[in-house]
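Input: a single structure, listed below in structure tokens.
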Amino acid sequence: QVDPKDYTFSGLKDETVGRLPGKVAGQQFVIQDCENCSIYIFDHSATITIDDCVNCQIFLGPIKGSVFFRDCKDCKCIVACQQFRTRDCKKLEVFLCCATQPIIESSTGMKFGCFQYYYPELALQFKDAGLSIFNNTWSNIHDFTPVSGENNWGLLPEDAVVQDYIPLPSSEELKAVRISTDATRSIIPITRGRRQKSSDESCLAVFFAGDYTTANARKLIDEMTGKGFQLVQTKEVSMKAEDAHRVFQQCASEFIPLLERGPVVALEFNGDGAVEGCRSTVNDVFSGTKVFVSESKASASQDVDNFYNFADMQMGM
């Protein structure tokens, strides 16, 4: 028998509270009327609602459905979810991983950055919540109630450090979770999203489903960012043969048989020399693996557009 009290934080003031991995296990959670609190949900959940919270720091592990903030102000959050919504909120700063387009409504002073966090159980929690670490539209915010001449939301500084916003938990119980906020260890690849690109040269790389797809994609990200290229966006999505013709064009026939194995993982890198850098890295590091990489700077931006236009339609953006 589920006791709702085990899945609720209500009316707390000046406290540090949380749930350890395994303690929420896919249930719904409610956080309400909390002030000056640090709240950590180190587990996956079904949905989370957060109402009337003021000046709180909140970490929410992967949420299978939606997270909804209502009437909250001056909160700093780290959130991973399928759907993100706010209504009547003021001054939330959110490090976000969201599989669909985040929506704000009647909210002002909102700031967003890319989710970055690690603890050993987090990868499995993403799986249990049905979330892909590669589907993150954190910066593609839809403002339901825009005000002419005003901007209700913006992006956090590029060099924003997670721990300056949401410190590690201070309670003995929660210290047991082995957290790292080092950006290079983040379970979610850190993307530039809608930030200004540094170069007019981008490159698309696509990995096909197999035993090591995630590891290979992460390895390429490490190699490319280590060389100074920037990861703009990532996507994991299923493709059919007709999609392959649209995206891979003349190379489609060699990749179509690979699509039946499962979804592809696509990465967009940006920087002068990105195409050459990506092609040589793939040749050096993944010689036995079939990877699609843009042929040339001239075709690369079209590759990126073709793929992401297709993917956005698939995701119903």
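Here the Cβ of each residue, glycine as well, is placed from N, Cα and C on the backbone.
Bear in mind that the values here come from a model prediction, so they are computed numbers and not experimental data.
Among the features that TrEMBL reports, domain 'C-CAP/cofactor C-like' is placed at 1-146.
According to TrEMBL, the feature GTP binding site maps to Gly65, Ser66, Gln82, Gln83, Phe84, Arg85. In this view, Phe84 (GTP binding site) is surrounded by 27 other Cβ atoms within 10 Å of its Cβ, with every protein chain counted.
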Gln83 (GTP binding site) CB neighbourhood, other CB atoms within 10 A: 17
Cβ-Cβ distance under 8 Å to Gln82 (GTP binding site), same chain, at least six residues away: Ile63, Lys64, Gly65, Ser66, Cys98, Ala99, Thr100, Ala129, Gly130, Leu131
Other same-chain residues whose Cβ falls within 8 Å of the Cβ centroid of Gly65, Ser66, Gln82, Gln83, Phe84, Arg85, the recorded GTP site, in sequence order: Thr47, Ile63, Val67, Phe68, Cys81, Cys98, Thr100
Neighbourhood of Arg85 (GTP binding site), C-beta criterion under 8 angstroms, separation at least six: Ser66, Val67, Phe68, Phe69, Pro102, Ile103, Ile104, Glu105
